[in-house]
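Student: Shown below is the structure under consideration.
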Amino acid sequence: MQDLPNLFLIGPMGAGKSTIGRLLAAELSRQFYDSDHAIQDRCGADIPWIFDVEGEQGFRLREIHMIDELTRLSSVVVATGGGAVLREENRRALRERGTVVYLLTTVDQQLRRTAKDRNRPLLQCGNREQVLNDMFAQRDPLYRATSDIAVRTDRRSPRAVVNEILRRVHRLVDPLEPSSTPNTAGTLNHKVSQ
Ligand SMILES: Nc1ncnc2c1ncn2[C@@H]1O[C@H](COP(=O)(O)OP(=O)(O)OP(=O)(O)O)[C@@H](O)[C@H]1O
Ligand SMILES: O=C(O)C1=C[C@@H](O)[C@@H](O)[C@H](O)C1
Ligand SMILES: [Mg+2]
């Protein structure tokens, strides 16, 4: 069986990138990095503070530097922030340096999973559903263009999502691997597993 490349998780807030990334890395005995956490550690301040003081643009610049740094590592699992795909530099680094997994869920699930959270500045508003719908419209094409596979995280446990990612990534890397089901041309990339 071939070694797996770096695995990078992208997708909207509350899709489960941090939760699933940690589990996935443990399963593969790899180092796990979360770009949001790494930015906070480096800066010594939390994300709301960075947004307050430096604005979203300041945060995005920090995010570009951090994603460049993390994607240069080897044999790692990296969970990115929900808005990482907004920047071309990030999309290119992710695509060129590993296999990119798009985690997606419904806006209803996002609302539920982020309901009590105060650490996501873009959701501290009265019209969270509208904000999430608008973000989806803007970002879904970018997530798709950047990713190798897409996996839904609603209606299944984090553990089941990890198993599905591993199955799909193994198939991408080594379509002839015996435990893989046969590759049907055109069905692998961006087929969202239900
Ligand atoms: N498959 C799942 N089933 C149920 N709950 C989940 C699942 N995945 C994640 N969660 C829960 O949803 C919440 C948000 O997940 P998480 O922080 O991993 O999202 P994220 O994609 O990293 O978001 P962000 O982009 O804001 O960093 C957490 O409380 C987590 O426990
Ligand atoms: O979707 C977004 O734009 C964000 C998602 C979070 O992961 C953080 O990166 C930050 O709150 C911005
Ligand atoms: Mg996260």
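Along the chain as shown, the residues are counted starting at 1.
For all residues, glycine too, the Cβ spot is worked out from N, Cα and C.
Feature annotation from TrEMBL assigns ATP binding site to Gly14, Ala15, Gly16, Lys17, Ser18, Thr19, Arg120, Arg156. TrEMBL lists Ser18 with the feature Mg(2+) binding site. For Asp36, Arg60, Gly82, Arg139, the entry in TrEMBL reads substrate binding site.
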Student: Give the three-state DSSP assignment (helix, strand or coil) for Arg60 (substrate binding site).
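Tutor: Going by the DSSP assignment, Arg60 (substrate binding site) falls within a helical segment, counted as helix.
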Student: Inside 8 A of the center formed by the CB atoms of Asp36, Arg60, Gly82, Arg139, which other residues of the chain have their CB, for the recorded substrate site?
Tutor: Met13, Glu63, Thr80, Gly81, Gly83, Ala84, Val85, Leu86
Student: Of Asp36, Gly82, Arg120, Arg139, Arg156, which binding-site residues come close to ligand 2, meaning Cβ under 6 Å from one of its atoms?
Tutor: Asp36, Gly82, Arg120
Student: Would you count the other C-beta atoms found within 10 angstroms of the C-beta of Thr19 (ATP binding site) for me?
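Tutor: Taking all protein chains shown, Thr19 (ATP binding site) has 18 Cβ neighbours within 10 Å.
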Student: Select, from Gly16, Arg60, Arg139, each of the binding-site residues with a Cβ positioned under 6 A from at least one atom of ligand 1; if none does, say none.
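Tutor: Once distances to ligand 1 are taken from each Cβ, Gly16 fall under 6 Å.
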Student: Between the two most separated Cα atoms in Asp36, Arg60, Gly82, Arg139, the residues recorded as binding substrate, what distance in Å do you get?
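Tutor: Farthest Cα pair among residues binding substrate: 18 Å.
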